[in-house]
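Okay, structure first, notes after.
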Amino acid sequence: MFLTVVVSFFFISAVVQTEPVMDSWYVAAVYEHNLILKPKSDGPLSRLDALQHMQKNLDIYEEQAAQAAQQGAQILVFPEDGLHGFNFSRSSISGYLETIPDPQQESWNPCTEPGKYNNTEVLQRLSCMARRNNLYLVANMADLQPCPLKTDITSSCPSDGRWLFNTNVVFRSDGLLVARYHKNNLFLFEPHFDTPPQPEIITFDTPFAGKFGLMICFDILFHKPTVALVEKGVRQLVYPTAWINHPPLMDAVQIQQAFSLGANVTLLAANIRYDQLKMRGSGIYTPFSATYHYAQKGDPEEGRLLVARVPVLDPLWVGQNVTTKEGVVRSESTSSTATDSGFCHQENCSDSPPPENASSVPPSSATFISSMIFDPFTFVLLNETEGKVNVCNGTFCCHLQYRRLPQGDSKELYALGAFAGTHTMYSRMALQVCALVRCAGLDTSSCGQEAEEAESKMDFLLEGKFGTRYVYPSVLVSKRVLEQPEHLETAADGRVTMKHSNMTGGLVSACLYGRMYHLDNE
């Protein structure tokens, strides 16, 4: 159990918390799937061959669903692309497609009504899997939808006259199809899929924990659907992903926990295990705990089922307040300093001066530029055993107070980096980031490059004054171990402070990752 302070989008002052005292709990499971890839072929597979391939992955799903049910799981999440895999064209994926009816328009149980639609073998098997094991089941598959003939959005129809969507499906414990979500934010490697004409904000209700929201992989970095769900009051999110790890800031488990902490939500994250593409890292995260798995180099490439007991966070299910063991009540009311759009007032945004308690430390003149995740960060080295440093990227500044605890004769280079601008490599994302990182080598050009292990522990206070209230905190130590920050606090003027000490391993990175969603398209 960690002593922590959690900051939510809707909560501006610090509150000491531990695990909540609640009568309402449920058991969740996620499965990190060691994907069986499609047979090598120069052309599209027939429907029969595609089904034979998917059945191999479905056989594994069957085994894991049974194991999850034996451990009391009430909801089970499988990863993105877990049935069909990757590297498709619109032509080569054709054998894998099924047309998924909209559960908001009609009621259908594929397990008990298998003859209602043709070519729905995968839907039928997933439905029966949920029914047989008496649990809610979330899976990801490819959906084929014809373009409507007469609507105001016909201009968005692809040239082949059909939409192909990366899709989550949710089955109730009796097999009923209760939700369908089409991925809104496609990654570079999905040219075969279409973006839906309108972003979908999809939720489903359960009898054991209330409401859950749906998103997929790259969605986690964008306002719709992810933040839109949270702003609607959804506190429990289901997250199939096929995440390619990009350290030192964008590892799967790091991003997953950072979002859970920053948004004050539960996140059920199921990833693919595929080492050739650096895919790994899954977990069950709450604002109070993290049950996760990150395979280390040399570990067998195999799947992993995670099961955890999780507090219900749906406010309509447990009431508007949560009382902790210390008797502290966390209000879910929106901060008075936030605008209706969820962003800070103009006078509190990034053009303001650095935080007052950092102003006595001028930005170091010994700064340098180095690339981190394809963005030009301004860095300053940590040359002393302890001290205070500032670094600015434009008018956005980050402050660090630190005490380094080197282990033995370890020689490691650390730097504090700041970036404020628009990331354009994978998509347009407006960012403000403060990051303390271990450099991969002993020269400045290695700062921002991948470093998996570290020996130096550090007590630190990291702070930045952000022009957004959407700031996601993370602390990652050696061997991709997550640590729960000891203290997180957001002030009314946009200042975010993260304090941590007593690390269990050497520090790889500590990050405050701010997302300026409103500037993405500017």
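From the backbone N, Cα and C atoms, a Cβ is placed for every residue, glycine too.
Bear in mind that TrEMBL entries carry predicted annotations, made automatically and left uncurated.
There are 28 other Cβ atoms within 10 Å of the Cβ belonging to Glu80 (active site, proton acceptor). The annotation active site, proton acceptor is assigned in TrEMBL to Glu80.
In the shown protein chains, 27 other C-beta atoms lie within 10 A of the C-beta of Lys183 (active site, proton donor). The active site, proton donor annotation in TrEMBL covers Lys183.
The Cβ of Cys217 (active site, nucleophile) lies under 8 Å from the Cβ of Glu80, Lys183, Phe187, Tyr239, Pro240, Thr241, Ala242, Trp243, each of which sits 6+ residues away along the same chain. The active site, nucleophile annotation in TrEMBL covers Cys217.
The feature compositional bias 'Polar residues' is assigned by TrEMBL to 331-340 (among others).
The compositional bias 'Polar residues' annotation in TrEMBL covers 347-362 (among others).
Mean pLDDT of the predicted structure over the domain 'CN hydrolase' (31-312): 95. Annotation comment: TrEMBL describes 31-312 as domain 'CN hydrolase'.
Per TrEMBL, the feature region 'Disordered' maps to 328-362.
Residues or ranges marked as signal peptide by TrEMBL: 1-18.
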